[in-house]
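**Student:** Pasting in a structure now, in structure tokens, and then I'll have a few things to ask.
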Amino acid sequence: MTTASASNAASSAIPAVNAETPVRVRFCPSPTGTPHVGLIRTALFNWAYARHTGGKLIFRIEDTDSARDSEESYHQLLDALKWLGINWDEGVEVGGPHEPYRQSQRGDIYQDVIAKLKAGGHVYESYSTPDEIEARHKAAGRDPKLGYDGFDRHLTDEQLAQFKAEGREAVLRLRMPDEDLTFNDLVRGEITFKAGSVPDFAVVRANGAPLYTLVNPVDDALMGITHVLRGEDLLSSTPRQIALYRALYAIGVAEYMPEFGHLPYVMGQGNKKLSKRDPESSLFLHRERGFIPEGLLNYLSLLGWSLSADEDIFTVEQLVANFDIHDVLGNPARFDIKKAEAINGTHVRMLAAEDFKERLVPYLRAAGFVGEILTPRQEEILAEAAPLVQERITLLGEAPEMLAFLFKADDAIDVADDARKGLPQNLEEVLDAALAALEPIGEWTAENIQTALKQALVEDLGIKPRAAFGPVRTAISGRRISPPLFESMVILGKDSSLARVRAFRG
């Protein structure tokens, strides 16, 4: 059997990734729950770096936890990435030279690697139970929660035989090197883990099943990953992966040591780490509310990176052209929903008119205002109304409430309480004057409507301009605030507009 020191010496000479090595990054989530913004931010940064460098993004699935993994979650991941336009070069659904890309289908590959690690003396059988480890710590006056103590590293053949005779089952542990482990984090700079601070760790269960601690780096090595870009919560696992990579190089599985970069935590309200349970962490909730991919990608990019100190708004193309993992900040990034909405609003206003109109349809459909196929009249209303709200909303989900009155029948307008409260005492007089002014109009244009109402209500009745059109707005839309009134009346047409004012007049 190779001694630990010999093994460490043989395996520590693994070459580093050099500047000529084509960039290969990966996104490797577990299919559990619904996609959250922290996970998608990780996918985005990997994608942006791959596209910026002309490299490749590999998308694989870590689905070895059968109790928690689900096909529903897997398809939600696909949905999320496709909606955002985050595409991948190799992986699930698209294939590639390193298939299969689901860990649950790679069992034979892992068993082959395990056999080589055992033959090379990089792993050893560990029979100690958690209770025994804790008891040894207590007996030595140490904290019983220190973790594994290395007891099984140097078991004699007699001790091994005795444990086997007792019917014990062994896990396999990787030998950690007896030296400091230092690496240069692409985000945080040089980091050192002192010798002895990370105990030998289990890589294979007693039943022979490989653990995540083994399969994740093995997949990275076999797929030639050059840059491991992941969340800060995985920083503490890096020394174990460095040690494992040395062993994988020694047995011919790894070609080089990848570079590591740990992305900052995403914080929520009260400067607490954003939890999956926090509403703002749910990607699909943001989509339902009306975020568009361009706006959300822009904001997620700002969670640890920026185009420049004074430039918060940029396109996906600008992100790709400028993104460098070395520019990512290590400080925690706070998810500010108000800022996210404001940025989204800017991108909504940047959409071409036809594109904006088409993106409204699913939200109008979800609200029940249009069917699966729009009628010609609904198409006409939407084409004329969309420009009226594009400058006034930050989320697409705000549009149905603003446009509802245009799609409703004249006798289906419900007057909101706040609109009713603001009506003047002489409401009937105002509405009678409005009707008298509107009925004679021949060419039903916004300009003619405004001129007629201004003369009747402001000039003749002496109502202040700010309050003059409120009763008509309420009659037309049922709301105190609506898209531009005169343009809305043009969309409805003269007959419908007059019918609504008469109905409200009673």
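Glycine is treated like the rest: Cβ placed from N, Cα and C.
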**Student:** In Swiss-Prot, which of 29-39, 62-72, 128-138 is tagged motif ''HIGH' region'?
**Tutor:** 29-39
**Student:** Between 93-97, 118-122, 238-242, 273-277, which stretch does Swiss-Prot give the note motif ''KMSKS' region'?
**Tutor:** 273-277
**Student:** In sequence order, what residues of the same chain, 6+ apart, have a Cβ less than 8 Å from the Cβ of LYS276 (ATP binding site)?
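**Tutor:** Listed in sequence order, they are GLY33, HIS36.
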